[in-house]
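Novice: Here it is: the structure, laid out below.
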Amino acid sequence: METSNLSLQTQESRMRYASDKNEEKRARERRQNLLYLIHDYLRQEGFFETSEYLKKEAKLPMDIKVCDNIDLDSILACYSDYYLSKFNKLPKICKKIDNPASIHQENIGIRKEKCKKPSKRFDSNENQRDKKLGSPETNQDFELTIIPISDRMKKLQSNEVNDLYSGIAEGKFTRKLRPINDLYPMNSEWREIADTITNEIISSNLDVSWSDICGLENCKKLLQEALIYPIKYPEIFTGKFASWRGILLYGPPGTGKTMLAKAVATECQSTFFNITASSLISKWRGESEKYIRVLCDLAIYHSPSIIFIDEIDWTMSGDDDYSGKLSEPARRFRAEFLARLDGLISMEKDNVVLLTATNTPWHLDAALLRRLDKHIFVDLPNENARREILKYYTEPSLHGHKDFELVVVNTEYYSGSDMKKLCKEAWMAQMRIYVAARERESITNISQPPQLINSVTLLQEAQNVVLPTARHLANKYKEWQIKMKN
């Protein structure tokens, strides 16, 4: 359920991003086409020197030209005909002015202001931060400026990070993605891959807070130390010891690992990449390695960033590479993935964290485990956590009942997902009684069905139907912990 909710949010984010991307693309093409039309018209009228200056200043590619049946004069004629048919008069394109010199200076100022004006899709504060970082002012549509990502992000001042976190704390901050025009040029192979990876960014609010998760207090505390404190108190993590860069959430299925990731995406307000196998794996030779490279570049570019990979064991499992059992594509993918992780870990000031989750940590590659420097065990809920879950789904009048506490004790080895299924089974049994009574019209005066479980007996009966799914794995995680310590 938790994974499906996260996937639904990802699909909604993809649809919104695709719509915005298409709108931006049409606007860019319209502006570019206008420049080509002007250039073509100047050449038709014999202004060859002026047309060459325009081509150099606008940096128009040489391999593009205006189509044979299109020119600026015909477009203006069509517009005049349309204006005449709609308003019964010809459009007034030009007008006479009193002071030509002042108008000329005004037009120059307007043109410079338009060049510096940020895109409407992005926050003006983000644009000002780019200026503080020392990025040159460029025409974002037709000019590519290559700037080393690590050098640029190293110039981020601590007070800017504090301003960012203060906006998060006040609930007023909505993170917007920066344009990637100065990272990858348009219509290039790398740009297409970057657009695909950008679709995996969770831009909407998942609305899951730490308080929504019952229990797991130690897990929540460790995640806050790794993801929130480095942004809030950057001066603490600038010495010999940096914050954790790779985090592994492991534990039985259904214990809340994905829910913790959703809380991280909500609370931290970082750029959150939700990466799955379909995001990186390609059937074409060498494509998967390119996707990994672009993912890491985008994470650094949009930092602070969190790369979340659920079920990390799909990337590499075991140490088969040392025995030669891995295929050549799998070995190349493994080498690129590990090398890029080393690069992310070494860039201490880029605020990029790899957050992973797995149900089978004993299947992970030893080299990958070394790079995930913090392992967090998401255990089965204890007695207090199970009690809180049952209280959430039951009537308050049952909470002090002796049989209620007996249900809490008897649900040992139940995961959080199992507890929810147990309560749902009891509620469905309660609904069957309600529906049967409604069918007999014996309680037609009741307009609303009960929303909470009102009988402990129903919970006890549901225990015979819903059994713990991870009981046989409980000891296996402890054995793996002991093995890792030794």
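Even glycines carry a Cβ here, placed using N, Cα and C.
Sharing the features that TrEMBL gives for it:
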COMPBIAS  1-12  compositional bias 'Polar residues'
COMPBIAS  13-25  compositional bias 'Basic and acidic residues'
COMPBIAS  120-134  compositional bias 'Basic and acidic residues'
DOMAIN    243-382  domain 'AAA+ ATPase'
REGION    1-25  region 'Disordered'
REGION    114-136  region 'Disordered'
Novice: In the domain 'AAA+ ATPase' (243-382), how many residues does DSSP put in helix, strand and coil?
Specialist: 66 helix, 28 strand, 46 coil
Novice: Could you give the mean pLDDT over the domain 'AAA+ ATPase' (243-382), rounded to a whole number?
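Specialist: Computed over the domain 'AAA+ ATPase' (243-382), the mean pLDDT is 82 on the 0 to 100 scale.
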Novice: Could you give the number of helix, strand and coil residues in the compositional bias 'Basic and acidic residues' (13-25) as assigned by DSSP?
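Specialist: The composition, in the requested order, is 13 helix, 0 strand, 0 coil.
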